């Protein structure tokens, strides 16, 4: 791709500085990256606003010969004075990260155009729902891919990206590889961070699915309205040249608000709304136990379908119902979906049950790390009627601090005992995090244990379990690491529980 062709395609990008003796017609562009370490000579280094004061450092380290920055005469002029004159500087009026996805897609020939992409957004349930959809489609012979918190899956490949929604350049490369391997349908998680930062700009999305919206990420979003608008962004980037549709849980927190906003903005968009005001898709007759979950899903025309699944918890009633509606939207067979839901593979770190050797005690490992998710998982474990429920949790450091006391109140109210421990403390002092959590307990409430060492806390929690008791280990789920300071260490809640039970 010639530089001149790129500038014609993106008139919002202007040529700021060009080395003397060179012709823009002769400059070849291979790709665009926002990670300076990934750049090659003929790449564009996209200098995101979030880099802040380190722009000069990252530009110096980048191998890229082209640099894209936001228009700022002071910053650009300072850089032009000190940078190697062989660099080509491009400028734009907005955060370059918002253009990165469109440029990446353009340079790769728009790989997402040839894929059916179903994107799921929401505070809780994204990973479960995308994994359920992946299983349903795969069982019906569809070559499908999965992108999300647990990683990227397609064919026999599993890739850990480290992000729920990969950066725009990585995402487009993944989609290109999927297309080349014959993948036709992709189920992906769309995080609020990814949507707000423009990681999905330029991606052709056929369907948007919304699970719920409750408090989280207020360290990143200015308030809940900003968080909501970031989620709504998914429906603004739908590709209406495809058979586009939306799926949402009308009765979920902020579900009705989103429904009416979509309806006002896109009145012709097909919406499958679970438990909406017209009761077209109504859930009833819910049955929950440790053997599985069942319910009746009402369909249009006064029809009903009994849904049974091995997935546990009341939240999986909503997840499987949303998956069923999404499956209808993409043309999956109803009977085959019903059969597949009975035997969905265990989703790592989501209501994952581990029994002691004699099965007299159990632990549940779950990713719940928000107030709403913690309440849902505790209530779901309660449905199994354990003789004693001990909830072990912490809160991530350098993240939304306002949820800490809220999670304490929920744990105290719904559990028999509470253990406070570290999650990913990052650069905060673990004891300070526990202090802030503890402010949410009622006067006089004393947790069973307060231990910053998560492994020790799990061992103590297991040792305190009576026969018929359950330890809920919440917060990290599938994660196989713990971040202490700036160091990422191997750590797995599942492994620690298994060791505490003497299973290996």
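Going from the start of the chain as shown, residues are counted 1 onward.
Cβ coordinates are placed from backbone N, Cα and C, and glycine is handled just like the others.
Sequence-distant neighbours of residue 128 (ATP binding site): residues of the same chain at least 6 apart with a C-beta under 8 Å from its C-beta are 311, 315, 316, 319, 347, 350. Sequence annotations record features per position, and here Swiss-Prot assigns ATP binding site to 122, 123, 124, 125, 126, 127, 128 based on sequence analysis.
Classification of residue 231 (N6-carboxylysine) by DSSP places it within a helix. Residues annotated as N6-carboxylysine in Swiss-Prot, with sequence analysis given as evidence: 231.
Under the three-state DSSP scheme, residue 426 (meso-2,6-diaminopimelate binding site) falls in the strand class. For 399, 423, 424, 425, 426, 475, 479, the entry in Swiss-Prot reads meso-2,6-diaminopimelate binding site.
Annotation comment: Swiss-Prot describes 423-426 as motif 'Meso-diaminopimelate recognition motif'.
Residue 126 (ATP binding site) falls within a helical segment according to DSSP. In this structure, the C-alpha atom of residue 127 (ATP binding site) lies 20 angstrom from that of residue 399 (meso-2,6-diaminopimelate binding site). For residue 475 (meso-2,6-diaminopimelate binding site), the same-chain residues that are 6 or more apart in sequence and have a Cβ closer than 8 Å to its Cβ are 367, 368, 369, 393, 394, 395, 396, 423, 493. Inclusion criterion for the binding-site residues 424, 425, 426, 479: a C-alpha placed within 10 angstroms of the C-alpha of residue 123 (ATP binding site); this criterion is met by none of them. Residues near residue 426 (meso-2,6-diaminopimelate binding site) in space but far in sequence (CB under 8 A, at least 6 apart, same chain), listed by position: 396, 397, 398, 399, 483, 484, 485, 486. Distance between Cα atoms for residue 122 (ATP binding site) and residue 231 (N6-carboxylysine): 7 Å, as a whole number. Other than 399, 423, 424, 425, 426, 475, 479, the residues of this chain whose Cβ falls within 8 Å of the Cβ centroid of the meso-2,6-diaminopimelate site are, in sequence order, 369, 394, 395, 396, 397, 422, 476, 482, 483.
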